[in-house]
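Participant: Here you go, one structure.
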Amino acid sequence: MSTSALITSIADVGKSAREKLPNYAWAYYSWTSADGKTYQDNLEAFRRYRLIPRNLRDVSIRDTSVTVLGTRLDIPVAIGPTALHRLAHPEAELATAKGAAAMNTAMVLGSFANHSIEEFAEAAPSGIHWFYMLFYKDRRHMKRQLDRAERAGYTAIFLTVDQPFFPFSVDKSPRVSPRAYTVPLSFPNVIDVEPPHAFGSTEYRACLTAVVKEPPTWEDVEWVRENTRLPVVLKGVLSAEDARMAVERGVNGILVSNHGGREQDGVPATNCSRLCVCESLLTSCPTSSARFDGKAEVYVDGGVRTGTDVLKALALGARCVFIGRPALWGLAHNGAEGVQQILQILTDELSLAMARTGCAKISDIQPSLLVHQSYYGIPAVRAVQMSKY
Ligand SMILES: Cc1cc2nc3c(=O)[nH]c(=O)nc-3n(C[C@H](O)[C@H](O)[C@H](O)COP(=O)(O)O)c2cc1C
Ligand SMILES: CCCCCCC(=O)C(=O)O
């Protein structure tokens, strides 16, 4: 599929990316833990919800904007942190930043990026920049990174908490094929001075393992909270108890995520987990769900591929969603414009889904729009059995 071929969906962009990317890059981006059950579940779980539209409302104008961490985004879709954009495009994260800025939405710069905190911010000066910082053994390094992010105009710090050990420390078969190392890569945000070892070599991996803190603990989160004035978001929370502990420590946002099915296999799809987070909070501290909502925002990622998925995630209670692989597909498909195109497709689809379900603005998207298929699960099973005869 060429760049000029008719592209009408995220799936089309994914197909184009598959054709354009070398096998090692496609393999890394598509990689999942174990047999990919959790990844598949992320995709399928959205389809398990059905929508009950409200009709005859004035939806002639739809407003898809939302406020996240005090910043207005034109769409409730932001780009999450992903590593190694350089495998998809020579401009790497700089192009992704431009695509996000063109749609006036936020992007989280991953620490495993080819470009520094400052280069990224300068590439898209009008953009909304958030920074995913690693936990390091040396707190002075963390403090320097927090200060640099603040000075460069970033407006939030993301901490990933579902990766106690990094792939370069523990993966038995490498997540990134050695063939990828023919591409010039570096990690300026992780290592101050690039070591003289070949990128990806055992020695290079040992340099990374030497600096990162594995595994991080709540004490590290508390330290970050105390050492930056920026809002702090924990990414990778699946348990209600962890969400509560985060809120107690002054965390400002919870990104419900299973790392796109790339960490622990067998965990639930994230949109189910979101329900777990909320339901348990409601059950265990009945008076505090409002307090929780007031104190921290909740977001979700994993398997978002259509505007209807976005609508469903918001109806489940997420303030906004994040995308991982689709942004990489857009980047591979057509650089910054491809990333913009991905976001435009999701915007157009969301806007149409809002019209068809009677929502003129984001706050109209309510839980009552959704019914889970288990609601009519027994009749559905009977129908399958009947259909044999
Ligand atoms: C190639 C790739 C690299 C990723 N790198 C990181 C990372 O460095 N840090 C992180 O917190 N999450 C990382 N993620 C996870 C994403 O932030 C996100 O949780 C996930 O991709 C969402 O699922 P989706 O790809 O179905 O949208 C990565 C995901 C992919 C696909
Ligand atoms: C070569 C560095 C890769 C770091 C891990 C990135 C990641 O989280 C992933 O899912 O892949």
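Including glycine, each Cβ sits where the backbone N, Cα and C put it.
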Participant: So TrEMBL lists Pro81, Thr82, Ala83, Thr160, Ser257, Asp301, Gly302, Gly303, Val304, Arg305, Gly324, Arg325 for FMN; which of Lys137, Lys213, Lys235, Lys361 goes with them?
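Facilitator: Of the residues offered, the record points to Lys235.
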Participant: Express in Å, rounded to the nearest integer, the largest CA to CA distance found among the FMN-binding residues Pro81, Thr82, Ala83, Thr160, Lys235, Ser257, Asp301, Gly302, Gly303, Val304, Arg305, Gly324, Arg325 named in the record.
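Facilitator: Value for the max Cα separation, rounded to a whole number: 22 Å.
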Participant: Please go through the binding-site residues Pro81, Asp301, Arg305 one by one and keep those whose C-beta falls under 6 A from any atom of ligand 1; give the result in sequence order.
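Facilitator: Result: Pro81, Asp301.
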Participant: Going by DSSP, give the three-state secondary structure for His259 (active site, proton acceptor).
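Facilitator: DSSP call for His259 (active site, proton acceptor): helix.
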Participant: Give the subset of the binding-site residues Tyr28, Ala83, Lys235, Arg262, Asp301, Arg325 lying near ligand 2, defined as CB under 6 A from any of its atoms.
Facilitator: Ala83, Arg262
Participant: Quick check: with Tyr28, His259, Arg262 left out, which same-chain residues have Cβ atoms within 8 Å of the centroid of the glyoxylate site Cβ atoms?
Facilitator: Trp31, Thr32, Ser33, Pro167, Arg175, Gly260, Gly261, Glu263
Participant: Compare all C-alpha positions of Tyr28, His259, Arg262, the record's glyoxylate binders, and send over the largest distance in angstrom.
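Facilitator: Roughly 14 Å, rounded to the nearest whole number.
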